[in-house]
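**Student:** Residues or ranges marked as GTP binding site in Swiss-Prot: 19-26, 81-85, 136-139. The Mg(2+) binding site annotation in Swiss-Prot covers Thr26. According to Swiss-Prot, the feature domain 'tr-type G' maps to 10-204. The region 'G1' annotation in Swiss-Prot covers 19-26. Positions annotated as region 'G2' by Swiss-Prot: 60-64. As annotated by Swiss-Prot, region 'G3' applies to 81-84. The feature region 'G4' is assigned by Swiss-Prot to 136-139.
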Amino acid sequence: MAKEKYERSKPHVNIGTIGHVDHGKTTTTAAISKVLSDKGWASKVDFDQIDAAPEEKERGITINTAHIEYETEKRHYAHVDCPGHADYVKNMITGAAQMDGAILVVSAADGPMPQTREHILLSRQVGVPYIVVYLNKSDMVEDEELLELVEMEVRELLTEYGFPGDDIPVIRGSSLGALNGEEKWVEKILELMEAVDNYIPTPERAVDQPFLMPIEDVFTITGRGTVVTGRVERGVIKVGEEIEIVGIKPTTKTTCTGVEMFRKLLDQGQAGDNIGVLLRGTKKEEVERGQVLAKPGSIHPHTNFKGEVYVLTKDEGGRHTPFFTGYRPQFYFRTTDITGAVTLPDGVEMVMPGDNITMTVELIHPIAMEQGLRFAIREGGRTVASGVVSEITK
C-alpha cells in the first residue's frame, strides 16, 4: 500500500511519554509508532533509534531527546521521549519540548516509583495540562486484583498533585507484546491512542489567544509618534484597538494607531509576526524594552513568584560553585534582565550546579507574568539556570 501523503489538515498536538526509568517509556513510544505505521499513519521508528536520542542544545543546556511523529484517524502528533531522568527534568523546565499532554507509563509489575512521582509533580509545576495513564507490562501480572491495586495507587498519586485522578483514562497494556504483534496488546495501543485523541484537547492556537507582544525596541517617528517593535507572541492586534503597556512601571492604556511589517502598513499583526506598533499619545520615555503590549486585563504585573529551576552544570557553561538563599542574580524574562532575590525552600542549605529546585523569588521591578512563563537566570549575561514560573505569590 502506498504511503499516504501527510495530511496537514489534521489538528496538531504535542505529547510525550513520562514515568520512571525502565517502566517502558521508550518501548511504548516504539509500540505506538509500529502499531500506527501498520495502519499506514506513521513511518515506523524502532526502539534503538528512539533510545539513541541525539543530543540537543536548548538555551545552552544539553538534552537528549527523541522526536517522532505519527497520526491517528483524528490528529497529527509530535511525540517526545527522553532516555534519561535528568533529560526529562531539563526538558520540562526549559520547555524544550512543550507538551499539550503526556502519557504516564507505569509498570504494572512495579507500581508507582520515585520518578513516577517526580514526573507528575513536574508536570503540575510546568503546566502539562493533561495526563493519560498506560499500565505497561500488564502481561507480567497474573492477578487482576493486583492490577486494580496499582491502578488505584496511580490514580491517588495523580489526585495528590492536583490532577483529576478519578477521571483520567487508564489503559492496561504490554508494549513488548504490541511490538511482537500480539493482537490483544496491539488493540491496547490503539485504545491508548483513542484515549489520547479524546481526553487531551486540541490546544488553542496562538493566534486565538489574547494579544501579547514583548517590547524589544522603542523609536520615535517624527510627525507620527512612538513606535514599539517586537514579535507577537500570541493573538492579533488590529489598528484602532485599545491595548495596555504592562510591566516595570504602572500599567497604562493606549491605542494602536498603526501596524507596520517590513516597512509596509498593515491592518493587523498576528502571532509570529515581527511588527512595529504605533502608539497614540505615548511618549518614548514612557515605554521600554522588557514591558509588553497586551489585550487590556489579560495579564498583570508581579514581583513575587515560585519557580521550578534547573541549574546548569559547569560543563554546560554554568556556575562552578553552589548558591544559597540571598543569591541575587538577573532574571531574564522575554526581552530583559531584572534583578531578583532568591529564597531556597526550608531545609535546603544550598543548590549545586546540575540540581533542580523550587525557589521563591522577589524581583526589584514587576513584570507581566503568568504561570508557565519561562525565564533564564543570568550572571553578567551568562545563563546559569533555566526556569518556569510555577506559582505567582504577589
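Think of each number as a place in line: the chain as shown, counted from 1.
Just so it is clear, glycine is given a Cβ too, placed from its N, Cα and C backbone atoms.
Could you place the listed features in the three-dimensional structure?
**Tutor:** Cβ contacts within 10 Å of Asp22 (GTP binding site), excluding its own Cβ and spanning all protein chains shown: 12.
Residue environment of Thr26 (Mg(2+) binding site) contains 22 other Cβ atoms, counted within 10 Å of its Cβ in all protein chains.
Summarising model confidence by region, the domain 'tr-type G' (10-204) averages a pLDDT of 92.
Panel annotation: around the region 'G2' (60-64), residues 53-54, 82-84, 87, 90-91, 94, 96, 310, 312, 315-317, 383, 386 of the same chain, lying at least six beyond its termini, place a Cβ under 8 Å from a Cβ of the stretch.
According to DSSP, the secondary structure content of the region 'G3' (81-84) in residues is 0 helix, 1 strand, 3 coil.
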**Student:** For the region 'G3' (81-84), find every same-chain residue at least 6 residues outside the stretch whose CB is under 8 Å from a CB in it, and list them.
**Tutor:** 16-17, 21, 25-26, 29, 50-51, 53, 63-66, 68, 91
**Student:** Please report the Cα separation of His85 (GTP binding site) and Thr26 (Mg(2+) binding site) in Å, rounded to an integer.
**Tutor:** 12
**Student:** So among the binding-site residues Lys25, His85, who's got the most Cβ atoms within 10 Å?
**Tutor:** Lys25
**Student:** Can you count the other CB atoms that lie within 10 A of the CB of Gly19 (GTP binding site)?
**Tutor:** 27
